Amino acid sequence: MGKIILVTGGARSGKSSYAENIAKEIGEKILYIATSIPFDDEMKHRVEKHKESRPEVWDTYEGYKDLDIVVREKNNLYDGMLLDCVTIMTSNFMFDYIGDKIEEADNTTLDEVEKKIITTFENLLNEVNKGNITMILVTNELGYGIVPENKLARVYRDIVGRINQYIASRASEVYLVVCGIPMKVK
């Protein structure tokens, strides 16, 4: 049976570095799943910095769709997998499903979008559990701030919060990273 580890924290908290350290302890053969789509120079720079911090022997898969299939097909090839990050993956799916029509979306539509995204993570985690792989998922903790002013930010924060809760409920270990210091939550 597979193992799920969730690492959460605020922006620039050190969560990705900590997740990478966990992955290094698992073994040398790691598949790094990068869910970001770098649209501008700043994001491209961030992606390059992340690549530099990873061991060269790790393989990288760039994408966020059909990751359950990726896990199923590559499960026996790796000691572990590191997905960075849940939050960006969620925003990618939100824009896939709603696009720029968020202000026009009613509650029923938003609930359907959330169900689709949660189902995506459910399918992914089910594949992890079917195999013998450790999957480390990195996410952002967005719930510590004030209620956002605009609808998109509120909906996004709420969906990410519930997805984080779902993943944490399935995880055998959960870590919160604050100022580069990991704290075991579960």
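Yeah, the Cβs are placed from backbone N, Cα and C, and that goes for glycine too.
Taken from TrEMBL, the feature active site, GMP-histidine intermediate applies to His50.
The GTP binding site annotation in TrEMBL covers 9-16, 34-36, 51-54, Glu62, Asp84. For Glu52 (GTP binding site), the count of additional Cβ atoms within 10 Å of its Cβ stands at 8 [all protein chains shown].
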Reading the DSSP string in three states, the entry for Gly9 (GTP binding site) is strand
Packing count at Thr35 (GTP binding site) (other Cβ atoms within 10 Å of its Cβ): 22
Cβ neighbour count (within 10 Å, all chains shown) around Glu62 (GTP binding site): 12
With every protein chain in view, how many other Cβ atoms are within 10 Å of the Cβ of Arg12 (GTP binding site)? 9
